[in-house]
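K.L.:
This is the structure I have questions about; it appears just below.
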Amino acid sequence: MVVYVSIAGDWLQGPYVYYLYSTYGFGKGEIGQLFIAGFGSSMLFGTIVGSLADKQGRRRACVTYCITYILSCITKHSPQYKILMIGRVLGGIATSLLFSAFESWLVAEHNKRGFEQQWLSLTFSKAIFLGNGLVAILSGLFGNLLVDSLSLGPVAPFDAAACFLAIGMAIILSSWTENFGDPSENKDLLTQFKGAAVAIASGLLVVSHPPSCNNYFFRFLFVPFSLIFCALQMKKLLCWVPSSLCLKVQCTPLCSFGLLL
C-alpha cells in the first residue's frame with residue numbers, strides 16, 4: 001500500500017513537468033537543461049543511495065524519499081529558474097531512493113519474518129503490474145481531472161503528489177520497522193563516489209539500459225509532439241467544416257496553432 005501511494009506521488013508529476021515549465025515562459029533549451037539536471041542528479045546519486053540506505057537504514061531512506069520529493073513539489077510553485085533547478089536535483093535524488101530503498105526494505109523485512117521466498121517474486125510481480133501499470137493510469141487520469149476538468153492549474157498535480165507522499169510518509173513512520181544492510185559491505189562515501197565516477201566515465205551507466213533512455217526521451221518530447229499532433233488533427237477537422245459554421249466557432253490558441261500548421 002505504501003509503495004503504491006509513493007509511486008502515485010511520482011507518476012502524478014511526470015505528464016505536467018514540461019507543461020509547467022512552458023507556462024512559466026521557458027524555452028525548449030532551458031527546459032532541456034532542467035530535465036538534464038534531474039536525470040544527472042539521479043545518475044550521480046543513484047550510485048550511492050543504495051549503500052547509504054544500507055548503512056543509515058532503509059526505513060529512514062524511504063522517509064527521506066518522501067521529504068525530498070515533497071520539497072521538489074514545493075519548488076514547482078516558483079517561476080524562478082534557480083528554484084526550479086533545485087527542485088529538479090531534489091527530484092532526481094528522490095527517484096533514486098524510490099527505486100532502491102523500498103525494494104531493499106521489503107526484501108530484508110521479508111527474510112526477517114521468515115516468509116517463503118516464492119512470495120517475494122509474487123509481491124514484485126504485483127507491484128510492477130499495479131505500481132507501474134494501474135497506479136500510473138489512475139494517476140494520469142487524476143492529474144487530468146485536476147488540471148483540465150477542475151481547472152486548478154498545472155501546479156495542482158504536484159500539490160496532489162505532495163499530499164500522497166505525506167500520507168505515505170505517515171504510514172512508514174507509524175507502521176514500518178527499521179532494517180539495515182550487511183555492515184561488512186559498507187564503504188565510505190568517497191570510495192563510492194570514486195567508483196561511480198569510474199563507471200560513468202567508462203560509459204557503463206549510460207548504455208546499460210537503453211529502454212530507460214527511450215523512456216526519458218519520450219517524457220521530454222511527449223508534450224510538444226502531442227501538441228503538434230493535436231493541432232494537425234484540428235487542422236484536418238476544420239477542412240471539413242462548412243465555412244458558415246466556422247464563423248460560429250470560437251478560435252482557441254490550439255485552433256490558431258493548427259491553422260498556422
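Backbone N, Cα and C define each Cβ position, glycine as well.
Because the structure is a prediction, the values reported are computed rather than measured.
As annotated in TrEMBL:
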type	residues	note
TRANSMEM	31-53	transmembrane segment
TRANSMEM	85-107	transmembrane segment
TRANSMEM	127-146	transmembrane segment
TRANSMEM	158-177	transmembrane segment
TRANSMEM	189-207	transmembrane segment
TRANSMEM	216-234	transmembrane segment
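Relative to the rest of the structure, where do these features sit?
P.N.:
Beyond the ends of the transmembrane segment (127-146), by six or more residues, the same chain brings 3-4, 7-8, 11-12, 15-16, 152, 156-157, 160 to within a C-beta distance below 8 angstroms of the stretch.
Under 8 Å from some Cβ of the transmembrane segment (158-177) lie the Cβ atoms of residues 1-2, 5-6, 8-10, 12-13, 16, 20, 59, 62-63, 66-67, 69-70, 73-74, 76, 105, 109, 142-143, 146, all in the same chain and six or more residues away from its ends.
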